[in-house]
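Chemist: So TrEMBL lists the following for this protein:
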type: TRANSMEM; residues: 6-25; note: transmembrane segment
type: TRANSMEM; residues: 37-61; note: transmembrane segment
type: TRANSMEM; residues: 104-125; note: transmembrane segment
type: TRANSMEM; residues: 132-150; note: transmembrane segment
type: TRANSMEM; residues: 170-192; note: transmembrane segment
type: TRANSMEM; residues: 199-218; note: transmembrane segment
type: TRANSMEM; residues: 238-259; note: transmembrane segment
type: TRANSMEM; residues: 266-283; note: transmembrane segment
Amino acid sequence: MVFALLVAGITLMTLLAVVMMLLKLRQLPAETLSPALRLRLLLSGFVAFVADTLGVGSFAVNVALARMLGTFHDEELPAVNNGAQVIPGAIESLFFMQMVDVDITTLLTLVAGTCAGGVLGGFLVPRLPRQTLRLIMVVCFTLVALLLLGSEWQLLPVGGDLMALQGARLTAGFFAMMLCGALTSAGIGLFAMVQGALFLLNVSPLVAFPVMMVAGASQQPLTALMFLQRGCIPLKKTLIFSLAGCVGVLVTVPLVHVLSSRTLHLLLVLVLVYNVVALFRAWQSAREGASFTARVPAPGNQGNSMDENVSKSQKKREAHALQEAGVKLLTLPRDVFDALPISTALRDALEEARRLKSHGAIRRQSQRIGKLMRLEDTTLIMEALARMEEESDAKSASFHAVERWRERLLNEGRTALTEYIDTYPGVDVQQLRQLIARVESAKTPELKSGASRALFRYLRTFIV
């Protein structure tokens, strides 16, 4: 009876989270993903959840794949990892709950602790700065790697035989799982942390798998809903990643008993080491950039002479120009922006500016971007902005030229038509005459407007 209720609860929470994500996705503006990015997301999701089903965990693997394949940004990973886990995690839990007969009181208590931690973490983590998130992930990935190595080298009591917890051990287990659930909200995988906590409590390794799976399937929908409420989940990419993960789970479930857990754990340690190094380098680079920014003097802080006052004004104008140029980088197409040779600190500051809503916060971030711009080699940056402005000016000029020709063709008759044919000899004269006639013969404003737009589109194919 309790088992059936647990299954029903997991199913309902999963459905609620999925429905809320789909409703939220419908409310968002349409997002276009390139075929290459879709393929990378599908590959990442499949690989991550193959690892998840085998007990390695999807979080660390996805962090590594995101950095290698460019699927997600660092600040998106906590929300993505929890949101993507909702459906595959439910499938895994329904399979693993049937493998071992776990004491129901122990299971419910540990799952409740994980859910409480997940809700708390889901409330707190979206408010943390990107640098803090990176540091948390570095520390926790290091801890998880040490736990795995400790278990493989038999430095931890991995040979426990308890199938149930009672009294003080059960209370300790609740708070340990609460901590695990909270850290999961920061993008840290649940599996290795739960294994370490249960091993320290002398619980049998046989109990770890069902507890991990049920705790994850119960906690992650709640955490995902918290992230969803804050608008932190890139939904379209996350759902593609998650659906590929479902395929990975279904393919891997029959292989759970075949592969060596030792090999998988050592592979996970390598993934964790890669994540620690990559995230720490990103954290250190951004920290150094912020430190340099703090040491850059504000424009014109010295002297009171007339020459120095002129210098102050000039410096202020230059600083303002750099700030404007930095903010303009946000308007560049994503592929152009990603290719810019700018520092990690400036890139992070610009990405942070994209997320801000408050006018005051945007103004302060713009000032920081301006300071960081002083540390950059602005030649290539200015070239990219100049190219964008030239393209924009060219498009605007082309648009106005088409407008003028349309007006002349409709108002000046044969004279304008002859001149247009001479200017653009490749035009289909018969088709052009028909389009002009459709505009002139339209009986209603709606028909006239449609015919006029058709004429505009045809003229635009020759005027570039």
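Using the three backbone atoms N, Cα and C, a Cβ is placed for every residue, glycine included.
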Chemist: Please work out whether the transmembrane segment (6-25) lies in contact with the transmembrane segment (170-192), by counting C-beta pairs under 8 angstroms that are 6 or more apart in sequence and asking whether there are at least 3.
Modeler: no
Chemist: Quick one: find which recorded stretch in 37-61, 104-125, 132-150, 238-259 has the most Cβ pairs under 8 Å with the transmembrane segment (170-192).
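Modeler: It is 104-125 that shares the most Cβ pairs under 8 Å with the transmembrane segment (170-192).
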Chemist: Pairs 6 or more apart in sequence, C-beta under 8 angstroms, 3 or more of them: is that satisfied by the transmembrane segment (238-259) and the transmembrane segment (37-61)?
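Modeler: Taking Cβ pairs at least 6 residues apart, the transmembrane segment (37-61) and the transmembrane segment (238-259) are in contact, with 3 or more under 8 Å.
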